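Heads up: the structure comes next, in structure tokens.
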Amino acid sequence: MTTPALLPLSGRRIPTLSPGASSFPHHRATLRLSEKFILLLILSAFITLCFGAFFFLPDNSKHKRFDLGLEDVLIPHIDSPKEGKHASGQVVIHGQGAHDEHRHREEEESLRDKIRADHERALQEAKEKLRKSREDLQAEIQTEKNKVIEDLKKKDAGPKPLPPVPMPKVVGVNDGEPLEPDVKEKRDKIREMTKHAWDSYRQYGWGHNELKPLAKKGHSTNIFGNSQLGATIVDALDTLYIMGLHDEFKDGQEWVEQNLDFGVNAEVSVFEVNIRFIGGLLAAYYLSGQEVFKMKAVQLAEKLLPAFNTPTGIPWAMVNLKSGVGRNWGWASAGSSILAEFGTLHMEFVHLTYLTGNPAYYQKVMHIRKLLAKMDRPNGLYPNYLNPRTGRWGQHHTSVGGLGDSFYEYLLKAWLMSDKTDTEARKTYDDAIEAIERHLVRKSNGGLTFIGEWKNGHLERKMGHLACFAGGMFALGADGSPDDKAGHYLQLGAEIAHTCHESYDRTVLKLGPEAFKFDSGLEAVAVRQNEKYYILRPEVIETYWYMWRFTHDPKYRQWGWEAAQAIDKYCRVSGGFSGVKDVYSSNPTYDDVQQSFFLAETLKYLYLLFSSDDLMPLENWVFNTEAHPLPVLHLGNITLPGSEPAQR
Ligand code: DMJ
């Protein structure tokens, strides 16, 4: 519920009603005005008293002069029969004893009468004036109220309808049932796991962002701010649709229609909200054709736009959905924005411009691309931190895992999603990947290819679970790579998939740690206790799926099945699925969080891995970084508003 706010207006406080507010603010304002009126009356009486006292008090100096009757007093408005002129031309009265005294008393008396009358008249005028002002104030309040009622009416009428645009080709939304019975069995198991995750959330966490499967209640993190935006519902919609879980999908749709409201006072992550909510809603729209998802995506996108109001146009990491105020994470180097955050908006924003006809979305992301293109890059690498005020890099830290990852992914996918017409994006991707291969990709002593992290000129031989997505990215980008290096990139993808599988296989639970090292005789294992957890992440399974689609090597299905079984065995509890704190312990403890990306990504990639390739073909669909499929836009035939070449 929203609360009424009192805003200063012309030195007074006028109530601003918010949706759902009663007449309470008006009542409160009336009380304040009455109090103010009484105060003004007291004040005016006090001033009047002082004013009167000033005139009524005996004027000693005057008396002295009269009494003496000797000094000349300058009273120009009193005529005197004995007047004459000094040389200076001033009128002079001369004192004349008892007669004069009598006259002075009369004058004083008439002066007092005059002041009394003036005083009463002033008081009367003040009263009238105040009465009149109060009416004016009430009239103003009424005007304000009318305005608010009008605004509410406009809001109730809903947002303006969007222009009709042709629906991009929606291909391969079918059952995708595999021919082989054993594969079908595995796929059925994944669907069952999805149902368990969804039903548990439905029962214990409905409307909350995520679920605590052990405590059996709702959960949220700071990326969603202080909100109940139903992140799991929005993130899971397209998975439910693809798996044919139609009742569950309908349930989710109903919740979105009735409850999803972005007018909340919550400071959210622009990146997370974009990939999970806008991506999820757009995918649900394209798959189901239900307008409500498109409308909600656009409403949310409008709320994100203020985040771009920075000196450089590089958006803040967080924005308050209600106030539009943005800021960056406190932990980010020198107040910087994060490469993987401001660099992971392109796919969704291009679709938003396509669907709304509003060029702003496209222009915002193209502005980011142009700004980055102009910057110097140390060793050809993109640092993870960029200050949105100064436009300068922060710490020189480059990673294909956390903080950098999906920036590279979106360069490639911008090209694919444009039907390969966005060659600028492809070139930027190729150059970036070349520098990464040169500086970050290494082979361990045991022959495992890994992607390290670059920190101020030094390579840290550590790879994060997040970086495992890159195996799939290299495979996806193989076709179309320069100098006919398709084979090389497919091979690189396979090597990363192998390394990441090893990171799973070398644990007790057969689930991968958050980060693993290739140092001092260690190969693909976590060293620090705080890197041994698994939080239901998808990246390794994502890479298995892409590798499966491009090679059909059965080992990828085998590896995917190993992971699915381990998740079902070690992460499943009666209230859903939970992350585990130590994959090297045979007796792990739970973190008690069912992440929304478990339904959006992990389960979806597993399901696709055991489906036939004609379900969501990669020629027609591009999956955003949260695994939400968006259709290819044939930009060779379509001109996006805002993309026209500048007029000369
Ligand atoms: C997801 O939210 C997205 O894949 C994002 O790009 C980074 N990783 C998480 C899940 O691990």
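A Cβ is built for glycine as well, from the same backbone N, Cα and C atoms used for every other residue.
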Range annotated as region 'Disordered' in TrEMBL, from 126-153, 154-181, 182-209, 378-405: 154-181
For the coiled coil (105-154), would you mind checking the mean pLDDT of the predicted model? 72
Which of these recorded positions (GLU272, CYS468, CYS500, GLU514) have a C-beta closer than 6 Å to some atom of ligand 1? none
Cα separation, GLU514 (active site, proton donor) to THR625 (Ca(2+) binding site) (Å, whole number): 18
Long-range Cβ list for GLU539 (active site), cut-off under 8 Å, min separation 6+ in sequence, same chain only, gives HIS465, LEU466, ALA467, CYS468, PHE469, CYS500
List the residues of the same chain that sit at least 6 positions away from ASP405 (active site) in sequence and have their Cβ under 8 Å from its Cβ, in sequence order, or write 'none'. ALA340, SER399, LEU466, ALA467, PHE469, ALA470, THR625
For a quick check of packing: other C-beta atoms within 10 Å of the C-beta of CYS468 (disulfide bond), how many? 31
Once DSSP output is merged into helix, strand and coil, GLU514 (active site, proton donor) belongs to coil
Pairwise CA distance, GLU514 (active site, proton donor) versus GLU272 (active site, proton donor), rounded so that it is a whole Å: 19
Give the number of CB atoms, excluding that of THR625 (Ca(2+) binding site) itself, located within 10 Å of its CB. 24
